[in-house]
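J.: Handing you this structure, nothing more for now.
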Amino acid sequence: MSVNNKQWYGLPLNLIWGYVAIAVFMTGDGFELAFLSHYIKALGFTPAQASFAFTLYGLAAALSAWVSGVVAEIITPRKAMLIGFVLWCVFHVLFLVFGLGRANYALILLFYGIRGLAYPLFLYSFIVAIIHNVRSDSSSSALGWFWAVYSVGIGVFGSYIPSFTIPHIGEMGTLWLALLFCATGGIIALVSMRHTETPRHMQNLTTREKFAELGRAATLLYTNRSILFSSIVRIINTLSLFGFAVIMPMMFVDELGFTTSEWLQVWAAFFFTTIFSNVFWGIVAEKMGWMKVIRWFGCIGMALSSLAFYYLPQHFGHNFAMALVPAIALGIFVAAFVPMAAVFPALEPNHKGAAISVYNLSAGLSNFLAPAIAVVLLPYFSTIGVVIAYTALYILAFFLCPLIRVEQPGFTSDQHAKPFTANAAES
């Protein structure tokens with residue numbers, strides 16, 4: 001199949017409405033991210049119980065993310081996104097009505113957990129569409145744009161809009177508003193991706209062959225050592241993103257005296273920064289090398305900015321301007337991991353869907369492990385214990401990066417690759 005050559009600063013123009021759909025859908029999905037843990041606590045539950053709800057959600061998201069790449073190849077990205085879209089809307093309504101509406105912790109866990117299966121199917125299936133419709137040597141910048149629109153949705157609009165709606169319609173009203181955004185994003189995706197192509201050989205596999213391909217999403221972790229190390233680095237990548245969304249509202253609002261709206265604006269500043277840094281690092285990595293950017297700017301940058309996100313607010317107290325400094329730093333350096341999405345399929349060019357599934361599983365496990373670490377450490381070591389744990393893991397990722405041996409299409413690196421031919425780049 002042919003791939004797209006028309007781009008605008010690395011943005012594939014044939015998929016532009018798919019990018020818009022991701023931004024709109026993730027806006028709705030992101031409404032809850034920075035205030036739901038605090039709201040569950042306000043219903044009468046403990047911080048550990050609030051964190052556990054996010055942990056269960058993250059586990060469901062990890063399982064869904066694991067299968068999404070292969071499922072998208074087998075049934076097409078559009079159909080996989082449809083399943084995720086419908087699942088999200090149905091269980092969001094059940095979560096609001098019977099879970100939060102009745103302050104029933106068991107139903108909160110049940111419906112919120114099941115809803116966790118939805119967004120990875122919608123979000124990560126689009127990565128499959130990108131990989132198969134963009135030239136290999138342009139995939140890093142195209143994926144940089146993917147994470148940029150993700151940040152626009154889940155972080156910027158997903159944080160700023162609630163900061164204005166909560167004072168007027170409250171948390172529950174804001175969560176109902178999220179349904180409108182997700183429905184709109186889902187419809188845009190279904191309409192705009194009617195003619196998006198993916199290789200058809202996967203769709204013609206027998207049932208047994210389909211399950212075998214699905215199983216490869218797990219077996220790659222021990223048949224390809226570079227995939228295993230890449231998976232660990234990808235898990236570590238977004239620990240602070242998902243973890244700070246759970247623990248920092250309690251520190252900023254309950255301890256330092258920030259209002260919920262102020263905290264949401266600090267968190268939105270982090271995501272706003274990633275709009276530009278995702279695109280920036282995606283382009284830079286194609287010139288400098290994927291693994292150099294990930295190691296030196298991603299791992300080291302996140303270790304330092306994670307510490308700053310705790311210590312600067314603790315030192316300056318209720319100071320909105322100073323709280324923005326580590327938020328912006330975090331936004332700059334978390335995006336330096338963007339090339340990881342290109343690394344996985346490059347490591348397994350003949351099984352790109354399975355490789356993307358491992359990438360997605362790793363992203364989902366990050367969503368699961370970040371609050372899980374908080375659940376374990378918060379009762380004993382407070383917020384600082386969680387922050388130090390995240391920092392130590394970023395340092396671990398720094399030492400794992402040299403063990404990942406990837407050939408970057410169109411790029412010559414003494415450390416990691418020999419030159420790729422044009423045919424090899426498209427294999």
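Just so it is clear, glycine is given a Cβ too, placed from its N, Cα and C backbone atoms.
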J.: In Swiss-Prot, is the topological domain of G44 the same as that of K352, meaning both on one side of the membrane?
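T.: Topology check (Swiss-Prot): G44 vs K352, domain names differ.
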J.: Report, as numbers and ranges, every residue of the chain located at least six residues beyond the transmembrane segment (264-284) whose Cβ falls under 8 Å of a Cβ in that stretch; write 'none' if there are none.
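T.: Tertiary neighbours of the transmembrane segment (264-284) are 9-10, 33-35, 140-148, 150-152, 154-156, 158-160, 162-163, 166, 245, 248, 252, 258, 293, 297, 320, 323-324, 327-328, 330-336, 338-339.
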J.: Do any residues of this chain, six or more beyond the ends of the transmembrane segment (384-404), have a C-beta under 8 angstroms from a C-beta of it, and if so which?
T.: 225-226, 229-230, 232-233, 236-237, 239-240, 243, 247, 291, 294-295, 298-300, 302-303, 306-307, 309-310, 343, 370, 373-374, 377-378, 415-416
J.: Pairs of Cβ atoms less than 8 Å apart decide it: which stretch in 8-28, 52-72, 142-162, 239-259 has the most with the transmembrane segment (108-128)?
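T.: By Cβ pairs under 8 Å, 52-72 leads among 8-28, 52-72, 142-162, 239-259.
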J.: Output the single range from 52-72, 80-100, 296-316, 324-344, 361-381 maximising the number of Cβ pairs under 8 Å to the transmembrane segment (142-162).
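T.: By the under-8 Å Cβ criterion, the transmembrane segment (142-162) pairs most with 324-344.
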J.: With contact taken as 3 or more Cβ pairs under 8 angstroms (pairs 6 or more apart in sequence), are the transmembrane segment (8-28) and the transmembrane segment (239-259) in contact?
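T.: No, the stretches stay apart by this measure.
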J.: Determine whether the transmembrane segment (52-72) and the transmembrane segment (361-381) share at least three Cβ pairs under 8 Å, counting only pairs 6 or more apart in sequence.
T.: yes
